[in-house]
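Novice: Dumping the structure here so I can ask a few things about it.
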Amino acid sequence: MIDILLSLCIPVWSLGEGAPEESEKRDDAQRSTLFVEKPQSGTVSVGGNITFIAKVEAKDLLRKPNVKWFKGKWMDLASKAGKHLQLKESFERHTKIHTFEMQIIKAKENYAGNYRCEVSYKDKFDSCSFDLEVTGKVPFVFDLFFVNNSGEGQEDAGELDFSGLLKQEEPEVDVWDLLKNANPSEYEKIAFQYGITDLRGMLKRLKRMRREVKKSAAFAKGLDPAYQVDKGGKVRFMVELADPTVELKWYKNGQEIRPSAKYIFEHKGNQRILFINNCTMTDDARYYVTAGDEKCSTELFVRDPPILVTKGLEDTSSYVGERVELSCEVSEDDANVKWFRNGVELSNDPKSRYRIKVEGKKHTLIIEEAAKNDTATYSVMTTGGQSEAKLSVDCEPLKISLALEDQTVRLGQEIHLKCEISENVEGKWYKNGQLIEASDRVKLYHKGRSLSSQSSSYMSNLNNLSPFSDPPKLHLDGLGENNTVTVVAGNKLRLEIPITGEPPPKVFWSRGDKVHCHCRCFFSLTRSLFLQKITFSLLKTLVLMTEVRGDTLYLKICLVIDAAERDDSGAFRITLKNEAGEDTALINIKVVDVPDPPQAPNVTEVGEDWCIMTWEPPANDGGSPILGYFIERKKKQSSRWMRLNFELCKETTFEPKKMIEGVAYEVRVFAVNAIGMSKPSMPSKSFVPLGNPPTLLAVDSVTDTSVTMKWRPPDQIGAAGLDGYVVEYCFEGTDEWIVANPELTDKTKFTINGLPTGSKILVRVKAVNAAGESEPKYHPQPILVKEVIEPPKIRLPRHLKQTYTRRVGETVNLVIPFQGKPRAKVSWQKNGSPIDKNDINIRNTENDTIIFIRKAERGHSGEYDMKVEVENLVDKATIDIQIVDRPGPPEVVTIEDVWGENVNLSWKPPKDDGNAAITGYTIQKADKKSMEWFTVIEHYHRTSATINELVIGNEYYFRVFAENMCGLSEDATMTKESALIAKDGKVYKYPVYDDFDFSERPLFTQPLVNTFAVAGYNATLNCSVRGNPKPKITWMKNKVLIMNDPRYRMFSNQGVCTLEIRKPSPYDGGTYTCRAVNELGEAEVDCKLEVRGKGF
């Protein structure tokens, strides 16, 4: 693997590919350079890594600039980020430099080519091009990916070339098919083999897979049952709609998915596509898409990449009793690795003599004291590889660790010879090549690895060697406070204590009331070093030694404990005695060990995929304070425990999460101190996570024989999803709950039918999923089965309170909601007569009525009266429907006068205005010779017009179209006679006109209209008036003049008078009057305003 960091850049032009001369001519603002360091072209070997760096200075920038990376001219690399391509960015506050990196991982030959980096900030822009060259070839290696059956579930994220990908012949493995066809007992084996680390959705997903797929009217092609993708990869979901106008929504575990950098939506014809980039383990979930009322779902499995063995096991040879370690390294930290001995899996059980140690990527198998039967072939297996090695254990050759020493003694003195060998075996003594047998004169000893020979046939005269005496003394200066010695359980303790005394004192060791041993120290006149060993019970050894320091003879007593245990803790009393006196001291031995296991934990609370567990600290902390706890859990039917926390839990409570609903679990606890980790506690009692109950259960409606309930889904929906709800009821005073729906309902509303009138019932609802039924949600009070009379009330939509206008041929579909119980009766009339149901369709429901006209005609115009009756109570409403069409042509078009180049025309309005006001006229002319029509005037409002700039000598015909809101009339009315424009020489006599008197008293051309307003929403009253001189406008409410009231605003523009009432209340209702006054007279118009509450 090669890592190359490119930090230099080649010269590039800031704008396009133009020549430098052209670039220099451009404005400085357009060619502003933002880069302070640009990426440079580079070379990388196949399979290597390369990083390109771009840096932008942020001193003059208010926010982070936008940076894009491209391959070629069009491929945006942001959508290709994944396992082969990573885009990173960082910001250095001190230097104010933005750093952007593009890293290509495991480069391939088809990654070579030209790349471009663009940076922009507001109106500033800069770009840099660079090349990547990929050299060398590597042998083809097939990488096994998860793929779905349709081939749409996996895309190789980070691939930089669409055309260079070669199809691979190797068969693809669909793990989902393996799971569907496998025996349940093989699930864990398949999961480990193919890298599935989380089986939390398996039971639920298998159940959904076996359901029959119903044909869908909304989806021409739905989602596949399941998709698989590698961690860090990209997945593509695609559905094809039968109707492309249907609104589509995507969901993940019931939560709607919004577009983002991770979730990308695409539309291609009838296809709707969802891309998920950089998949992580949190993306392993259930997805579904809704189109109208239909739903299509699938499951996404995210697999960790295969764990590779980067450093394999090595063949090892060892000796009996030695510590053996077999180590390997894998590609990921804390990966799941299995060890085997001759093909049989090894467990990490505390009672096993094999111990497995994990340190990041390094995994080690430890055998503390190897035996000959440990000779075998050991192997390690991961999801992406394996390695094996042979271990050979032999007996260690004997070695002499302490050889015999030459000695010179006096005649009659005792001789003590000693040697030590590496193993505990019997030995033989020889003198001058002759075998020595034990006798009264010669004593032979064999203790552990020590061989001793002692001869006492010589005469001893020790009394003459002690010319003075010295009281014995223990030298305890090197010990800790209170003469305490601490040792870790299982380790060897060797405690040496110097003593003095003349003659050599006797040593007495005692623990409690029992004297373990005593000894007498001997030494020679030449003060040579000799050794004497005394063996305690329980393999505890006391060793006495001597040492010479200057002129002082120091004796050493040594306490050796080969393997310390907790029982060895306590006070040891040492007593020294000789002829000159005695000395005594207490030595405190403290053996620290791992703590005792805690008691079995208690599970105090259980949720849909979590629980809360508590436990008590261990009774014995092993002599060292408890640092924390590790927690493990497992499925009740499984033997594999899973660690839940990788950092010590300091408290005695913990909340495990991500469990499968409906599966029984057990938990246990390990205590940890400075020495190590205790044995596990006893498992807790098994518990089963269940789903949350529904929420907000309430009564929707009640009749004499039925009760309708409504509720909301649970606050949290776990990994097992939600299959539906069960509704149960019981009569007040009984305990027998009756299931109202034999089949699950996925709606949040249900009607319980067949109830006796006047009875009282209690209702509860349960949520159901693969784990079973949740806790019930109860309605707090009994419900009386008796319909309550509700007065009728028509809730007329606001747009129907004014004239409802439609064109001829359009569809009229009006929905008018109302309320009223029981059995509200709805009736319709048009202009006071019953409606012909063959012409107009009326459909009534319990809550609304619908009036439907497929193709509206002029005859459908009129006032429609709606009446709702509930027993003796009545409510009415009126709807004014106006069906409009294009108008007819004007009646007669007459040429009134011709003079010079001008023609004066007049006409009469059309008899048929199309049921709408005439908004204008369009006038056209045609030369008599060609009869080609040209528009002269459009949207003309008067019924007379003068046509100017006609060509002298030509003869013209004219025609006029009428126009309303639907458009121009189909036909036009043409002048019967033509108009001849006379040539020069003819004298035109201008007619004499009297001055026109424009004076006019006020006249309202558009009166006020009775209006309904909603409280809290601004309301306006409008009318139009004309008059000359311009009249003065005043407004009155209930005949009282409105002046200087901030709640009212008055406008007058081009004769249109407007009164705006700001946020009216019911008290603002009444009769409003608009008065117009000028010199010639006055005029008034009024209307009624009714203000209703927001609920109407």
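The backbone N, Cα and C atoms fix where each Cβ goes, and this holds for glycine too.
Below are the features I grabbed from TrEMBL:
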SIGNAL    1-18  signal peptide
DOMAIN    305-392  domain 'Ig-like'
DOMAIN    597-693  domain 'Fibronectin type-III'
DOMAIN    694-788  domain 'Fibronectin type-III'
DOMAIN    792-880  domain 'Ig-like'
DOMAIN    889-984  domain 'Fibronectin type-III'
DOMAIN    1002-1086  domain 'Ig-like'
Novice: I'd like the per-state residue tally for the domain 'Fibronectin type-III' (889-984) from DSSP, helix first, then strand, then coil.
Specialist: 0 helix, 49 strand, 47 coil
Novice: Within the domain 'Fibronectin type-III' (694-788), count helix residues (DSSP H, G, I), strand residues (E, B) and coil residues, in that order.
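Specialist: Within the domain 'Fibronectin type-III' (694-788) the tally stands at 0 helix, 45 strand, 50 coil.
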Novice: Report the listed stretch (597-693, 694-788, 792-880, 1002-1086) having the maximum count of Cβ pairs within less than 8 Å of the domain 'Fibronectin type-III' (889-984).
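Specialist: Of the candidates 597-693, 694-788, 792-880, 1002-1086, 792-880 scores highest.
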Novice: Per DSSP, how many helix, strand and coil residues does the domain 'Fibronectin type-III' (597-693) have?
Specialist: 0 helix, 35 strand, 62 coil
Novice: How many of the residues that make up the domain 'Ig-like' (305-392) does DSSP mark as helix, as strand and as coil?
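Specialist: Taking the domain 'Ig-like' (305-392) as a whole: 3 helix, 46 strand, 39 coil.
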Novice: Mean pLDDT over the domain 'Ig-like' (1002-1086): what is the value?
Specialist: 92
